[in-house]
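Participant: First, the structure itself, so that you have it in front of you.
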Amino acid sequence: QPGLSRIAGSPSSPSFPKHAARSLYRIPFHTRRPSRRRGYGGAAACSPSPALRPREFNFGVPVMQRDTSSSDASASHAGRVRRRRHATEATTDGNRANGQPLLVNDQNKYKSMLIRTYSTVWMIGGFAFIVYMGHLYIWAMVVVIQIYMARELFNLLRKSSEEKQLPGFRLLNWHFFFTAMLYTYGRFLSRQLVNTVTSDHLLYKVVSGLIKYQMFICYFLYIAGFVWFILTLKKKAYKYQFKQYAWTHMILLTVFAQSAFTVANIFEGIFWFLLPASLIVINDIFAYLFGFFLGRTPLIKLSPKKTWEGFIGASVTTIISAFLLANVMGRSQWLTCPRKDLSTGWLYCDPGPMFKSEHYSLEEWVPHWFPWKELAIMPVQWQALALGLFASIIAPFGGFFASGFKRAFKIKDFGDSIPGHGGITDRMDCQMVMAVFAYIYHQSFIAPQNFSVEIILDQIIRNLAYEEQKYLYERLGEIFHERQLTQS
Amino acid sequence: MQRDTGAGDRTPGTPSPTHGGRLRHRKRSNEVPSDVNTTNGANLLLNDQNKYKSMLVRTYSSLWMMAGVVFLIYMGHLYIWAMVVVVQIFMAKELFNLLRKANEDRQLPGFRMLNWHFFFTAMLFTYGRFLSHQLVNTVTSDKLLYKLVSRLIKYQMFICYFLYIAGFVWFIITLKKKAYKYQFSQYAWTHMILLMVFAQSSFTVANIFDGIFWFLLPASLIAINDVAAYFFGFFFGKTPLIKLSPKKTWEGFIGASVTTLFSAFVLANFMGHFQWLTCPRKDLSTGWLHCDPGPMFTPESYDLPGWMPQWFPWREIAVMPVQWHALALGLFASIIAPFGGFFASGFKRAFKFKDFGDSIPGHGGFTDRMDCQMVMAVFAYIYYQSFVMVQDLSVETILEQILRNLTFEEQHELYEQLGKLLVRAN
């Protein structure tokens, strides 16, 4: 089996030139790194696809990138060299230096690195631009990424031979996708939506009505899909259809849970989206660098190229940079202010106690020559330490999961949307795990703790008509007035 | 287990104990001969001793189940919740075992425990969310316990997330080289099972604590639909309904629908008279309940229209508003809920199983009994939340909530935020 013979000049693949075998070894499909962009940064360590010369699992679809030759591998994989050992595992560790000249010598690798760098730069540039544009555009970017991811994943385990007998089956997938989108964004952005349409009275009524019955509408759309699925069950294809149905649910669950939480985070303040994403990117890059220079002990059988040195070095770096980055990002109001509606203008707000620097005196701790006598630390920096810890220790498991998955189903990449990187899911695997954690952490420890007010306000918005809301407001005002009178 | 390789369960000649009585709207005779043969099928039914025996077994276990359910309803909300939890555990166990391959599992020690870990996490999450109010109200007696419980609820989401991540990491660490595909399939299967089992049972429990009525009525409608469909099919069944379940007929379907709608209307009135069934339970106690039934259960009198014949004894009827809602529930129970059964049939056919399990003699497993109930329970919850509960959430009730639950500062904050919202709307 190819998976095990990642040894240079392995006897099982005599036709491969030695350097090609080594390059296969370095393959990882994804990644490149540094990208600030949400999806793109994660790649490196996050989806260490094994250099399994994959026999691509042919589902009847001419699968892209059948890796039967080494050049193919290098074109799409070269460069994913984070904390990887360049030498083969069979030779001793002393051989590490030998790997490098080969990299330098190979023209194909240069070319592929160039492609990857080019697309990475574009991704970073695009991402920075969108962050500048604002919350609404970031949301739009998330939706676009979702659609691409879902499309990749839907296509992944599809067998075109079976699908020919089932017209309209793909449409069912998109129906469920649309329902899931309506449901998640309806729940998470209902307040913002209501605040946006307050200009027009009629629109406000329509939108409040929709929100009030949102759960019911989504449920009925789901039931319609369910009934449609049952009505289109074809005798010979039961098993395939049920599997696709389950697969669709799993995809939608994965894709929507994390993107819904990401969007919720964005509207709480771009900081809570940008910081976790950056930490994942930083973790990847430093894991590569540490592994490159110091890597010796393999980390996990699932991703043989990862090393403990890379892992630990990256963890330390990530935690430190979390601390520093939180301070840097916390100074910008554009990043820290929550967005209450769907507008795109500039934001002003009171940053809140989380982003106010507190001064700590260092007099007794440091020697005389130390220039700074006191530190200004924002409370958010302590929280960022927790985010950094998670990003370095748990988030890579998202990458391991994706690798294991690809190995289990003998797929090389989730897709091929991004030249040099593979598909969008390849980029997003660690980011997904991080986004969910960031949301839950934020909700549990950072969000204002007055849940009761939020819950009741939510109830008021969802359940009362405009006139009723006004009436409630007036009644409350009267009660407060009476209370003041009796107290004074 | 019970791989169904023969057409045994589809012909009347094989009274398999698990399918013999599932005679809802099925044609008793073979499909191949002409429809005229229906009465012949009934004769065959009468003549076959095995069928009698299996019908007896089924009736016996049905009676026990009904008696058990009635007893639990009498005992109250907490015990019904316990019953739901027990049913959940059995269903999950059946479904976990269903697609397990014993030979692969031997190489993976501790893999089954992973399933139960996720099960426990899901249980903590769903019941923590749905019953947080009730839990808080129950432990108000002891101050320390109250603090502990409020903390747990506050961080409930985080705790459950960490339990899930622990399971996720454990899964990845235990991936074994040769068994990747099997392990990933099992992982996906576990998620699907837990999603299905917990969505419907948590909604069921939420319904129970809003009033046993909202649990009992939908469940009864499903049972009535099934029984009526069987009888209509038995006596009038002629035209097959769907290829997936060849024994179901259009006559059975339509007859059952009409019966279900009618009984929904009548049953809602009957059940609405009992405070035990209609009052919501605010905590986890088990004592008696008294409450103001609310406008939903207060009969309103309607004068019958003039075109009613003279001999009709009643000149006006008292209809509770809830009866109109019950019509909607009945409509769903008769038209959409059977698709839950079709789904289960199709699933069993796809993966070549005869039954989901064998816990209940004569009936198969828990999942076999619950398939339509699951679809109905979700609908009942969503219908309740969208159409019934909101009618109770008038300005008065919200105002009362505000004054009772919020501190003065929080009330002022709410006032300010509401003000901002309304100002923008103008």
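The backbone N, Cα and C atoms fix where each Cβ goes, and this holds for glycine too.
This is the feature table in TrEMBL:
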- A:1-21: region 'Disordered' (REGION)
- A:66-100: region 'Disordered' (REGION)
- A:89-98: compositional bias 'Polar residues' (COMPBIAS)
- A:121-150: transmembrane segment (TRANSMEM)
- A:171-190: transmembrane segment (TRANSMEM)
- A:210-233: transmembrane segment (TRANSMEM)
- A:245-264: transmembrane segment (TRANSMEM)
- A:270-295: transmembrane segment (TRANSMEM)
- A:307-326: transmembrane segment (TRANSMEM)
- A:380-402: transmembrane segment (TRANSMEM)
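Are these features on the surface or tucked inside, and what are their neighbours?
Facilitator: A Cβ distance under 8 Å defines the sequence-distant neighbours of the transmembrane segment (A:171-190), meaning residues of its chain 6+ beyond its ends; these are 143, 146-147, 150, 154, 210-211, 214-215, 217-218, 221-222, 224-225, 228-229, 232, 244, 248-249, 252, 256, 259-260, 263-264, 267, 342, 458, 461-462.
Counting only same-chain residues 6+ beyond the ends of the transmembrane segment (A:210-233), those with a CB under 8 A from a CB of the stretch are 166, 168-169, 172, 175-176, 178-179, 182-183, 186-187, 190, 193-194, 241, 245, 461-463.
Within the same chain, residues 45, 82-85, 275, 278-279, 282-284, 286-292, 294-299, 378, 380-381, 383-385, 387-389, 391-393, 396 sit at least 6 positions outside the transmembrane segment (A:307-326) and bring their C-beta atoms closer than 8 Å to a C-beta of that stretch.
Under 8 Å from some Cβ of the transmembrane segment (A:380-402) lie the Cβ atoms of residues 42, 45-49, 271, 275-276, 279-280, 283, 287, 300, 302-303, 306, 311, 314-315, 318-323, 325-327, 330, 354-355, 414, 425-426, 429-434, 437-438, 441, 445-446, all in the same chain and six or more residues away from its ends.
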